[in-house]
Amino acid sequence: MTWSTSFLSVHFFAFITTSIHAQLTGSVGPLTSVSDKAAVKTCNVLDYGARSDNTTDVGQPIIDAFADCGSGGLIYIPEGDYLLKNWISLENGSAWAIQLDGVLYRDSSPSSQSYMFEISGGRDFELFSSNATGAIQGSGYLYHRDDTYTGPRMLHISGVSDWSVHDLVLVDSPMFHFVIDGGYNGEVYNMAIRGADHGGLDGIDVYGDNMWIHDIMVTNKDECVTTKTNSHNFLIENIYCNSSGGCAIGSLGSGANVSNIVYRNVYTWDSNQMMMIKSNGGSGDVSNAVFENFIGHGNAYSLDLDSYWSSMDAIDGDGIYYHNITFQNWTGTAVDGETRPPIRVICPEDTPCTEIALVQIDLWVEEGGYDEYICKNAYGSGYCLDSATGTSTPYTTTTYVNSAPTGYEAPTMTDDLATAFGTSASIPIPTIPASFFPGVTPISAVAGSS
């Protein structure tokens with residue numbers, strides 16, 4: 001254990017040079033443009049029996065339109081309010097798109113845990129709003145007010161390649177908002193996801209290969225944008241966790257397999273953590289990851305790699321091997337750096353972490369008089385990490401810092417929520433913000449913006 005009145009950051013590590021470039025391996029998104037798809041055929045759901053009266057079911061008209069346009073064409077849902085009675089499951093489409101300019105409202109039935117809107121298989125797909133006001137309203141509060149958090153999930157992309165989802169709003173799902181299983185060459189951007197202040201209402205959960213997720217705002221109290229196992233070559237940037245659970249990798253169990261992941265430009269406000277990598281036992285490998293340019297305010301935890309995460313049951317195995325992972329350029333404040341250390345790197349005793357880099361982590365407390373940093377069985381460079389190599393001797397180092405680091409102060413965002421949304425009343429549909437990270441404009445202009 002050490003005590004210091006100042007803390008010296010290490011600004012350069014030889015082994016981070018290659019890891020910082022880990023991201024995409026090729027092009028992402030649809031193979032053909034929306035205009036080309038529309039030129040083949042356009043299927044307006046109003047021609048298939050839909051009505052913008054929030055009474056007539058729009059689910060079956062969308063399914064019927066897919067029969068005509070799912071092998072080449074555009075399904076068009078005009079502005080207006082539509083009732084979603086029949087859940088939508090569309091499979092193995094090609095060269096097709098859905099333009100959702102209206103708002104879909106979940107009907108009170110069915111009540112199963114299945115997905116309200118599911119796209120599986122196929123390739124060259126796009127789901128978007130041309131005016132950035134297209135939305136799905138899940139009315140999850142009708143479950144949550146009765147303390148029920150098991151129910152329908154909202155949007156699911158499964159086994160699709162060369163695709164995108166953008167300029168949409170997802171609101172108040174009874175359970176998970178957006179799940180991506182086996183997404184390949186996909187792009188997700190310009191979205192606002194807003195859920196209740198409770199666990200189990202994940203924003204985006206994703207696994208796959210060659211994925212670009214950017215310019216996303218999430219409000220809930222669970223996963224913001226979280227990478228699951230079997231994920232490779234991800235670039236996740238310009239993320240706004242606005243009173244959320246925060247971003248994460250995990251939770252990870254047996255046979256974990258995650259590599260070449262970049263999170264950058266992540267802004268986290270009033271959330272559970274800025275970034276958490278979580279496991280408890282298990283096996284496998286997480287490697288070649290970079291977490292850079294993080295800003296946080298009012299969060300419970302900040303930088304948290306926890307291989308003994310107590311919120312999941314322990315899994316058989318010596319632990320996941322975490323290696324070649326860099327955290328750099330973090331600024332802002334934590335609620336209480338004494339009881340919840342802003343730096344926590346807790347690695348398995350039998351499978352120590354190696355090649356970990358902590359670079360310019362400038363975080364300070366909002367309450368209390370000092371920061372606490374804790375590293376356990378973690379080897380690399382910076383802060384409380386042990387620089388030794390070739391050893392597996394268990395260790396724990398706790399460092400106390402009683403003066404604020406230079407440069408910890410960081411900007412806030414105008415859309416920061418003063419209070420979270422509860423669980424007993426309808427959550428209003430938000431506007432997609434003009435920015436998702438301080439001083440940075442969206443990579444692609446939000447639809448309909450001037």
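Using the three backbone atoms N, Cα and C, a Cβ is placed for every residue, glycine included.
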Swiss-Prot annotation, disulfide partner of Cys375 among Cys353, Cys384: Cys384
Asn242 (N-linked glycosylation site): nearby recorded positions from Asn131, Cys224, Cys347, Cys375, Cα cut-off 10 Å: Cys224
Cα separation, His297 (active site) to Asn329 (N-linked glycosylation site) (Å, whole number): 15
Distant-in-sequence Cβ neighbours of Asn92 (N-linked glycosylation site), under 8 Å, six or more positions away: Ser120, Gly121, Gly122
Cys353 (disulfide bond) CB neighbourhood, other CB atoms within 10 A: 27
Spatial separation of Asn54 (N-linked glycosylation site) from His297 (active site) - C-alpha basis, Å: 40
Count of other CB atoms lying within 10 Å of the CB belonging to Asn131 (N-linked glycosylation site): 16
DSSP-derived structure type at Asn324 (N-linked glycosylation site), helix or strand or else coil: strand
Proximal residue to Asp222 (active site, proton donor) among recorded positions Asn54, Asn257, Cys375, Cys384 (C-alpha distance): Asn257
